[in-house]
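Q: Dumping what Swiss-Prot says about this protein:
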- GLY32, GLY33, HIS34, ASP52, PHE78, ASP100, GLN107: S-adenosyl-L-methionine binding site (BINDING)
Amino acid sequence: MAKHQSVLLHESIKGLAIKADGIYFDGTFGRGGHSREILNHLSDKGRLFAIDKDLDAVQYAKDYFGLDKRFQIFHGSFAQIKEFASQAGVIGAVDGILLDLGVSSPQLDNPERGFSFMLQGPLDMRMDLTQSINAANFVNEAEVNELAHVFRAYGEERFAGRIAKAIVDARKLKPITTTLELAEIVKEANPKWEKHKHPATRVFQAIRIHVNQELTDLSNCLEQCLDVLGPRGRLAVISFHSLEDRIVKQFMRDKEQGNRPPVEVPIKYEELKTNFKRVGKAVKPQSSEIKENVRSRSAVLRIGEKLA
């Protein structure tokens, strides 16, 4: 089992520009790599609130961070960040929010969670085990057109239709219940394998995103972040594939541009009302980090700041 390593750790902490007495949110606690580093930069007056969908992560936080009075964990999605900030009484006063998107190494490496096409396990893929719909429900019950749409939209899978049909044909014989069963069906249906990429990679990503509503949650969270942050509060987001990064990039660009009037209205750029700016360029891992942790290779960090 791979040791969990926080990706772009130092770069994201630097991007948050942490104030010793500040208030921070780690929207994706995982195994606390980023949270631990944030706490290392805080004084006794500082506060850190963390969120995670995964009850294993929440329990880990309570076991290893529970005695730290500066720290509090919430069970749920980062799409509930405004609700949690309200409960904590810190809306409009938060100095920084960190989001480290996607599946964590402990989830990926545990066969019982069903995220990996390399490990035999139940076809589950739920980040939050308290939710009712899992990957097996979707794979065995969705219509062929819905399967194809999800594979295309969330996996950018070229052969979405062919793979969807193969799944429907296979489940007529018996339900698809394990990860390796599904991976084999996809492998057989995929006529052109990408170099250095397992043929089931895109389909598994698509199902995981769909089951966990990852992109919907991300969009909802980003919209709430500006309400949660205080003036000069920072937002740091680490994404791992183009679909996530596109949403983050577009959000930050739109917020920086502000409320643009119609093109025919004569108004100077500096007169546009905006309360957000992007900070620096997108940051990618250095070759040394990729060598040490191959899962970091596709990571992109984007940072923004609320102005007022």
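Glycine is treated like the rest: Cβ placed from N, Cα and C.
These figures come from a predicted structure and were not determined experimentally.
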Q: Using a 10 Å radius around each Cβ and all protein chains in view, which of these binding-site residues has the most neighbours: ASP52, ASP100?
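A: Ranked by Cβ atoms within 10 Å, first place goes to ASP52.
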Q: Please list, in sequence order, the residues in the chain of GLN107 (S-adenosyl-L-methionine binding site) that are at least six apart in sequence and whose C-beta is under 8 Å away from its C-beta.
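A: Those within reach of GLN107 (S-adenosyl-L-methionine binding site), by Cβ under 8 Å and sequence separation of 6 or more, are ASP54, ARG113, PHE115, MET127.
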Q: Per residue, counting other C-beta atoms within 10 angstroms of the C-beta, which of the binding-site residues GLY32, GLY33 reaches the highest number?
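A: Highest number of other Cβ atoms within 10 Å: GLY32.
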Q: I'd like the Cβ neighbour count for PHE78 (S-adenosyl-L-methionine binding site), meaning other Cβ atoms within 10 Å of its Cβ, all protein chains included.
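A: PHE78 (S-adenosyl-L-methionine binding site): 28 neighbouring Cβ atoms within 10 Å.
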Q: What three-state class does DSSP give GLY32 (S-adenosyl-L-methionine binding site)?
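A: Once the DSSP labels are grouped into three classes, GLY32 (S-adenosyl-L-methionine binding site) ends up as coil.
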Q: What are the sequence-distant neighbours of HIS34 (S-adenosyl-L-methionine binding site), meaning same chain, six or more residues apart, C-beta distance under 8 angstroms?
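A: Residues satisfying the criterion: SER6, LEU9, SER12, ILE13, ASP26, THR28, LEU98, ASP100.
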Q: Could you state, as a whole number of Å, the largest distance between Cα atoms of any two of GLY32, GLY33, HIS34, ASP52, PHE78, ASP100, GLN107, the listed S-adenosyl-L-methionine binders?
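A: So the maximum pairwise Cα distance among the S-adenosyl-L-methionine binders is 17 Å.
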Q: Could you tell me which three-state DSSP class GLN107 (S-adenosyl-L-methionine binding site) falls into?
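A: It is helical.
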Q: Three-state secondary structure of PHE78 (S-adenosyl-L-methionine binding site) from DSSP?
A: helix
